[in-house]
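For reference, the structure discussed in these notes is given below.
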Amino acid sequence: MQVYAVGGAVRDQLLGKPSQDRDYVVVGATPADMEAAGFKPVGKDFPVFLHPHTKAEYALARTERKTAVGYKGFAFYTGADVTLEEDLVRRDLTINAMAQAVDEHDNLVGPVIDPYGGQKDLAARKFRHVSDAFAEDPVRILRVARFAARFHEFTVAPETVALMRKIVDAGEVDALVPERVWQELSRGLMEAKPSRMFDVLRECGALAHLLPELDRLWGVPQRPEYHPEVDTGVHVMMVIDYAASVGASLPVRFAAMAHDLGKGTTPEDMLPRHIGHEQRGVKLLEAICQRLRVPNDCRELALVVAREHGNIHRSTEFGAAALTRLVERCDALRKPERFAEALLACEADARGRLGFADKDYPQADRLLAARDAAASVDAGAIAKACGDKVDQIKDRVHKARVAAVAQRLGMAEE
């Protein structure tokens, strides 16, 4: 029985990066051998075992073959006769198909076992598939795209791009379950340069299948006086990357991705203006969230940003009444943290333009001040003062909030 660290741990050590992955493969063992050594079996589809002390997962070396469409359509074989090279050949990329022995202290020891040229591709900053078996699992397209967002200086080998296109053309991407698509997209959004993920998905044609609402933004013009980058798709990528550069949360990054979807449906005779794109975008966003089963925190923030980002940008022109209505529509009094994240997404939108990355965004501080002023109003006391006239409560509370905002910001109520 020999234990190896495989994949990310070896790759990241060679790159001089802290490892986010720790996967182990055991060669020359049977399930009975593992249990006899104190490991606990947990795998459903193939033998995976928990270490008796660290609880880390150890998988028996295995081979696999395709049996059906989709990422679950595989049959596996594990046995003491499966070699390390046979296990590594089923992996996605050469840079992930390397192994190294581990000692009793979990240190990587001995030579790097690299039968498929992973070290060469690391040096060349290249993503290359190990074998044509790559085509058997469509999730690998998403994984390559996600790796591109993490290792954004890497490029995809031309032959790998061609193979990814074949997978897309064969309809394999359409068979992916929504939860797995969202899992990979959300991971990619949280990497250092999320735009690279979408670049790769566009290059192989997968984005048009997975997120057609986003894919159609490329080539859609915007007014150059507001958007020197002109292309809407380019703008959205700049917005996502800005959000990533300030360490924004997943909901903010998703909102950044989805804020301008409505521009993809602007009538041609209206271009490069996009009147009403916010409302059109909300409908498209709802469809994406339902299709991919997007978590509620991401969905709710993205909807607020898609609907209100234009008003938030223009809010420096608003009086106290309009500011208060905007704060109320955003539900900022009940959900102040979400409101702050909406403002961050809008700041990313404003700065995600050519030449605007360092521009001030006074709208955020102004709206936060308006929110705080509106929140200072004692709605309970107003309700009590209204007595039986309950139909007046909402209007009186709103007027009190407007007055508080006007006083805080030193402006007229209208």
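If you go along the chain as it appears here, the first residue is 1 and each next one adds 1.
In case you wondered, yes, glycine gets a Cβ from its N, Cα and C as well.
Taken from Swiss-Prot as is:
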- Gly8, Arg11, Arg91, Arg143, Arg146: CTP binding site (BINDING)
- Gly8, Arg11, Arg91, Arg143, Arg146: ATP binding site (BINDING)
- Asp21, Asp23: Mg(2+) binding site (BINDING)
- 232-333: domain 'HD' (DOMAIN)
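Where Swiss-Prot records a feature, it is marked here on the structure.
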{"residue": "Gly8", "record": "CTP binding site", "Cβ contacts under 8 Å, 6 or more apart": "Ser19, Gln20, Asp21, Arg22, Asp23, Asn96"}
{"residue": "Arg11", "record": "CTP binding site", "Cβ contacts under 8 Å, 6 or more apart": "Ile95, Asn96, Met98, Gly118, Leu122"}
{"residue": "Arg91", "record": "CTP binding site", "Cβ contacts under 8 Å, 6 or more apart": "Val6, Gly7, Ala97, Val130"}
{"residue": "Arg143", "record": "CTP binding site", "Cβ contacts under 8 Å, 6 or more apart": "Asp92, Glu184"}
{"residue": "Arg146", "record": "CTP binding site", "Cβ contacts under 8 Å, 6 or more apart": "Glu184, Arg187, Gly188, Glu191, Met197"}
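Remark: of the binding-site residues Asp21, Asp23, the most isolated position is Asp21 (fewest other Cβ atoms within 10 Å of its Cβ).
Same-chain residues that are not part of Gly8, Arg11, Arg91, Arg143, Arg146 yet have a Cβ within 8 Å of the Cβ center of the CTP site turn out to be Gly7, Asp21, Asp92, Leu93, Ile95, Asn96, Phe147. Residues Gly8, Arg11, Arg91, Arg143, Arg146, recorded as binding CTP, reach a greatest CA to CA spacing of 16 Å.
In the domain 'HD' (232-333), the DSSP tally of helix, strand and coil residues is 79 helix, 0 strand, 23 coil.
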